[in-house]
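Engineer: Questions regarding the structure given below will be posed in turn.
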Amino acid sequence: MYSGAAAAAGPPRRDFISVTLGPEEAVGVGGYNNSKAWRRRSCWRKWKQLSRLQRSVILFLFAFLAVCGVISYTSMGEAWKSITNKSLDEQRTEQEIPGLKLANPAVLPAPQKADANHGDYPELSLQKPPKPPHIRRGPSNLQIKAPWRDMRPKTRHDTIRAVEELVEADKVEKTEKSIISWRGAVIEPDQSTEPPSSKIKEPEKPSSVEAEDQKEPVPVNERQLAVIEAFRHAWKGYKDFAWGHDELKPLSKSYSEWFGLGLTLIDALDTMWILGLKDEFEEARKWVANDLVFDKNVDVNLFESTIRILGGLLSTYHLSGDSLFLEKAKDIGNRLMPAFKTPSKIPYSDVNIGRGTAHPPRWTSDSTVAEVTSIQLEFRELSRLTGDEKFQKAVDEVMKHVHTLSGKNDGLVPMFINTNSGQFTHLGVYTLGARADSYYEYLLKQWIQGGKKENELLEDYMRAIEGVKKHLLQRSEPKKLTFVGELAHGHFSAKMDHLVCFLPGTLALGAHNGLAADHMKLAEALIETCYQMYAQVETGLSPEIVHFNLHAQKGHKDVEIKPADRHNLLRPETVESLFYMYRFTGDKKYQDWGWEILQNFNRYTRVPTGGYTSINNVQNPSNPEPRDKMESFFLGETLKYMFLLFSDDIDLINLDKYVFNTEAHPLPIWVPA
């Protein structure tokens, strides 16, 4: 009501009467009419009649259901978005490489821990029985904890156990996979066909989860024990006469230096771990902890220091879980980065790891193609472990650049690339030997390492193998051995480096990972040739280079050796390929061939006081002319592959879970993000 003064000044006064109607008058018909207005008033009365506690409980339930609804909607939205994005990615991949189907996707489950004890090598037990072929194994532990640090009475002296959980079948079936093809190969990409991001979100750590499916170990066999004895004999020479230095000179009982960084010791760390040599490993670890210093004024070769030192440290970190090796790997990795400061981003060949400067060789501004494209596995893994993307970014840029270059011949690349212009040089010369070999190897292995997603790498690898078939394959006389020659300005040369004997193993690895079946057929033919490079020589040891006869000549073998090429450096390539071939086929002849080679190494290269030596003349059994040098790769690669070749345990460095770098250091295949 307004006051009198307000009424005088304002509008005319109005009077109101309040009338309360009964239920009948309100509805007009004397009952409930189901109108919305009635329902609202009725519900409100009932709500007001509830106690405060009852109302609070109801409100809480409504709030809880609302929150659950929001969460469910968000989850379904993300899942739908993922499916939609994946479908778009698959369509894009089908356009890029029509038809590939991956037969063996490599996906690592969560890393696990294997505890074990082990004593001296005659009592070593490190293998597990091969699994039945119908059981699909999951990929491996990224790290196997040191068996001698977590010793338990219930486990018996394992050297190394790659123990992993079985992959449930429904996990495999749930993944929708696109079909892509490349020259007859059928491949199913894992999870996504997008390349792994070079942006690392957080560092990866080895896991120490207790394994649930511990298996009884398979005893070390006599041939493996012979490898252990050979390693110990070589190590004795190194320890007695070259400890902490790069390479042993066994005849003069001295040493030689290349970088002054203990190359042989670092190269052999993961070999000792795999062979179960506890005492030798611990002694070497102490040297790494106390004496390995990278802050020194010395030039090192980027490629050699990456594959031997960085690769060896990373591999040993994964196998042992010891952070000492990762810290050392980070140190050397950072010190090698100045090599990439070039106008083209193609790295220089040499780095001064103390001064932080880099330069090409004195005689040229070129780098070799193999060297700049065979450091990727190591730097990519360093980024994954540290969370620092700079390492992977640097090496990925190199691969992307090489992918776009002209000057290739059906996927085959020249041997040199200029660090200023970024272009290939010395065009027209194509080989799978020195200066180009590991380019092809790392195309496949990077693709496998990254989860089989980086299609450019696969394209380049497949084209290159087609180029090999088209331009470099020939057959010798009289045994018609298939070999890989060289092409120089259109002229074919029947020359094959022992280095090329990496190729059968690489082809077999590709076939195992779903590539064309004819790759395995070619691998079988080429490994026979590599074996004949030993068998047709007087000492049973291969020379560095052979020439094949293309025309049958009475009294001539398939293999001809020139005086300048008849040296043997204790190289691993043939034994490496024998390991892959035996692992994938189970054919015992590959083990027998490797056993012959080991016996001949013992017969012609073993030095009684310790160590093994390279020789100058594989054609003279009475005087092979020892060179007085044991290369670090004899311990890092040759004997490691020998030991693995003679093993029947597929989980001893499982090839669905690890990929070897070109110095035989196993690195884990990545878990999809």
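Cβ coordinates are placed from backbone N, Cα and C, and glycine is handled just like the others.
What TrEMBL records for this protein is below:
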{"type": "ACT_SITE", "residues": "Glu304", "note": "active site, proton donor"}
{"type": "ACT_SITE", "residues": "Asp437", "note": "active site"}
{"type": "ACT_SITE", "residues": "Glu544", "note": "active site, proton donor"}
{"type": "ACT_SITE", "residues": "Glu573", "note": "active site"}
{"type": "BINDING", "residues": "Thr662", "note": "Ca(2+) binding site"}
{"type": "COMPBIAS", "residues": "199-216", "note": "compositional bias 'Basic and acidic residues'"}
{"type": "DISULFID", "residues": "Cys501-Cys530", "note": "disulfide bond"}
{"type": "REGION", "residues": "110-153", "note": "region 'Disordered'"}
{"type": "REGION", "residues": "183-218", "note": "region 'Disordered'"}
{"type": "TRANSMEM", "residues": "56-76", "note": "transmembrane segment"}
Engineer: Roughly how many angstrom lie between the C-alpha atoms of Cys530 (disulfide bond) and Asp437 (active site)?
Structural biologist: 15
Engineer: Using a 10 Å cut-off on CB atoms, tell me which of the active-site residues Glu304, Asp437 is the least crowded.
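Structural biologist: Each of the active-site residues Glu304, Asp437 was scored; lowest Cβ tally within 10 Å is Glu304.
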Engineer: How many other Cβ atoms are found within 10 Å of the Cβ atom of Cys530 (disulfide bond), counting all protein chains shown?
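Structural biologist: Other Cβ atoms within 10 Å of Cys530 (disulfide bond): 28.
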Engineer: Please give me the recorded positions out of Glu304, Glu544, Glu573, Thr662 that lie within 10 Å of Cys501 (disulfide bond), comparing Cα atoms only.
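Structural biologist: Qualifying among Glu304, Glu544, Glu573, Thr662: Glu573.
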Engineer: Tell me, if you would, which residue among Glu544, Glu573 (active-site residues) has the fewest other CB atoms within 10 Å in the structure shown?
Structural biologist: Glu544
Engineer: What's the CA-CA gap between Thr662 (Ca(2+) binding site) and Glu573 (active site) in angstrom, rounded?
Structural biologist: 10
Engineer: Counting across all protein chains present, how many other Cβ atoms fall within 10 Å of the Cβ of Thr662 (Ca(2+) binding site)?
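Structural biologist: For Thr662 (Ca(2+) binding site), the count of other Cβ atoms within 10 Å is 25.
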Engineer: Between Asp437 (active site) and Glu304 (active site, proton donor), what is the CA-CA distance rounded to a whole number of Å?
Structural biologist: 14
Engineer: Which number gives the other C-beta atoms within 10 angstroms of the C-beta of Cys501 (disulfide bond), all protein chains shown included?
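Structural biologist: That number is 28.
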